């Protein structure tokens, strides 16, 4: 015999459902450099952990994830979902996503509700077809006071996501000019109906750092060290100044390059990108883009460091080998270490600079330019130690 929920789920398969996961928020209330959607659960970022759990239920015909364009470029390395650029508000992100929805129903949730499990999804979906929106909620157990008056807490609900909506009803509701904080409120304001069902505490939303302690479904990030190697060369130019390792070098030459030609910083950028799995310097700072003409390589490195933190990486150490017949850099090593460490946000002892020659071999040996090999090690930010 099938029970009611099983029969309801079997009936739900007669309907098509798209899952929208909203991940375009700035995490401004999270108070860390890392965006919460990039916290790691094992080796996976939080958004992928949530999407994968939902996908494995088999309930959804399509999965859409909203985020910023920068995030989307990196997200594509993890999974083949439909990614949509988010808007300035949650509602605008939802509108953008709905342009890609052609299923009868849509389930909308926030990636920050990371402990949504199959049982909870099954419960929500089992109510498909009963109203324009299915809304999970939690009861209030504390006394509620508004404007110095005590409110009957039996009349107050803590509304959660995910919420299941009839797609046509939600699209119509969002044509209104008002801003709504959840889907069902928009649908009801537009004359639609909603059904409340009891939610679950484990669907708590990560908003503040302390919320992480409430989520038992999340395992710690992997402790693996991620390593990358970068290599770059630049020929000398008899015009301009020489910048190497983030500092100005006393030399009769500069470097022939699109930017300021700091070959050591360029190799380091590639090493960091390699460790993070984020491509290469040509992808992030293309040399055919006029905005990088004459660019200060220190600023490019600083931009990358911000991105690495944003995506949940911590720089462990870097090691840079400079191969050159000239200039002699022995007296510049400490200044390079201090400058690079200040940009990376790590202690100077974690930045190593080595110099070598090529024993007069090749273009470096002929004094035509400089080559650099850089190594970088990263780890995932460990949010369990906050």
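Each Cβ is built from the backbone N, Cα and C atoms, and glycine gets one as well.
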* **Record-annotated divalent metal cation site (Swiss-Prot): member among 204, 208, 266 besides 232, 234** => 266
* So around the divalent metal cation site, 232, 234, 266 aside, which residues have their CB within 8 A of the centroid of those CB atoms? -> 233, 255, 257, 261, 262, 263, 264, 265, 267, 370, 372
* Structure fact -> Here the binding-site residues are 234, 266, 358, 366, and the Cα closest to that of residue 205 (site 'Positions MEP for the nucleophilic attack') is found at 266
* Which one, from the binding-site residues 232, 289, has the smallest tally of other C-beta atoms lying within 10 Å of its C-beta? -> 289
* Output, ordered by sequence, the same-chain residues six or more apart from residue 358 (4-CDP-2-C-methyl-D-erythritol 2-phosphate binding site) with a CB under 8 Å from its CB, or 'none'. => 323, 325, 364, 365, 371
* Report the same-chain neighbours of residue 29 (site 'Transition state stabilizer'): residues 6+ apart in sequence with Cβ closer than 8 Å to its Cβ, ordered by sequence. => 207, 208
* Asked: So of all those binding-site residues, 281, 286, 289, which one's Cα sits nearest to residue 36 (site 'Transition state stabilizer')?
  -> 281
* Asked: Looking only at 36, 153, 205, 366, which of these recorded positions has the biggest number of Cβ atoms within 10 Å around its Cβ?
  -> 36
